[in-house]
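Reading through the structure tokens given below for one structure.
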């Protein structure tokens, strides 16, 4: 692969304020420099912040592409997230502040969480679940989802969380691939005022899941206290959570788990092919997420921290559950949609609980931009002090909007790059020391080594190329469940003869200051007249125009240029699609990054096809632009969007 052309230049910079720097955990480059000199030593030292039942003897064994961290050590994830806080001054500190979509609220102190997790762990044991057994968790965003994860960890069972929005087929495939013994689900969940029939979906899936012996059902929807009429229960197999809880002891002894014992398996959403069961281990994963939570968000004892991600994604695992709770944080958890019952729901929650750290996705930020600032201005967001972005690269203009309208120019923005496979944040600013640039994830986290390479593994010092991680890290995936060869082929075979190089599948560019800019999946790179252009740059140029809320670009076949650029655009409130605006946007891109990147086609749309985790599905947009039959749409949040786009595009072409 040739290098990726770098077209978009960003010169705006934002250093941390002296006031923020003075109070930050990391306020100079000493930590980063020490970690760069000795990454293993850095992670070894950070692992000491955890409570170990048996101290580890060897920090790292590395036989590429296989890493083992903290060999000889034993620990328990639930002890690190709960017990150690209960036995200290955080006993009565709020651990979890939960708000349901209908407006119901529950708060759990660390002591409350401790009691609930012990009871849940004993429920699992009563149903025959033990160390090494797999438990599927198919729940809405309710506290029992967190409790179930920690209960599994307490007894050494391996949890695999399945996003509550997935259809029965997706649930079935994940249960069967992992060989789950127990399913934990709910009678339903709330989404935009409608009840999602989780138990009914689960029953459909379980018709083809021979490994499931028992089902534990949480009562979420009810017309009155104790109303069990919403779910059909199968005698002998299905058990109500609230009933079983009354039948078990209050204390459950935590299992001593080896550092390399599996903590959980999480399936990537699998937009193509069979979903991959990413395997994460106890000691390394906990070390990675606890350390990155503390330093990336500058997490302090008094913070109220809200990661808006669903529990079904890695961000929910790492930065709603394990990372913050290992640090003894107060976490906000919300069940519903950001625009229900109105478009200010997020800001209402931020104001109500005095949220100080907000971690959300670019797709949400672009939606807020599209809706306008009137919803933000209704609320006092002055408690916010750190803003985070996760899930995909953030366009510079969305970054600036976030900085101005949510952060009031006062809050550092940590634009984080990482993956399900990496387990924890890999590239990010540190808010007390890093000068940020809109759209750049900046530099690797301390203890992480990255490089920009060409197709022959030659290192590039500036410009565009392939992102590689060149050194093992504690929270890295260990394998793909049941398919170790796929692990090697997918992540460690990009550069033949170099099994030490992890390839995440992303292109990136390095600027003159050594900052990294993620250009998107290498599969999405455009090839226009021999020039390789990252989709991110063209999309950012479009979003830079005041009329555009969100944009996605793909390549389509062109007889002369190889590929032409097709853009799909949603407009901000107050703007109307027209031929003149289409021409204006094409000229704007040409002016911003060059005539080479001028889109050939622009289609205005009310929405873009996205996965349930909010990522734009460019594969389907390519199908539309090329006039092909649509590929697999099962992971779409709203399949009607892509059908409507296809009709629109075909009408415009004709």
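Just so you know, glycine gets a Cβ as well, placed from its N, Cα and C.
As the structure is a computational prediction, the values presented were derived from the model and not from experiment.
Under the heading CoA binding site, Swiss-Prot lists 191, 192, 193, 194, 315, 529, citing sequence analysis as support. Counting only residues at least six positions away in the same chain, the Cβ atoms of 101, 336, 337, 339, 340 sit under 8 Å from the Cβ of residue 192 (CoA binding site).
Under the heading ATP binding site, Swiss-Prot lists 391, 392, 393, 415, 416, 417, 418, 419, 420, 506, 521, 532, citing sequence analysis as support. Annotation note: residue 393 (ATP binding site) sits in a coil segment as assigned by DSSP.
The Mg(2+) binding site annotation in Swiss-Prot covers 543, 545, 548 and rests on sequence analysis. Secondary structure from DSSP puts residue 543 (Mg(2+) binding site) in a helix.
Reduced to three states, the DSSP call for residue 615 (N6-acetyllysine) is coil. According to Swiss-Prot, the feature N6-acetyllysine maps to 615.
Ranked by CA distance from residue 545 (Mg(2+) binding site), the recorded positions 194, 391, 393, 615 have 393 at the top as the closest.
Among the recorded positions 193, 548, 615, not one has a Cα within 10 Å of the Cα of residue 416 (ATP binding site).
Spatially, by CA atoms, the recorded positions 418, 543, 615 include one closest to residue 315 (CoA binding site), and that is 418.
Recorded residues residue 420 (ATP binding site) and residue 615 (N6-acetyllysine) have their alpha carbons 13 Å apart, per Cα-Cα distance. You'll find the Cα of residue 529 (CoA binding site) roughly 27 Å from the Cα of residue 548 (Mg(2+) binding site). For residue 193 (CoA binding site), the nearest of the recorded positions by C-alpha distance turns out to be 615; the candidates were 391, 418, 615.
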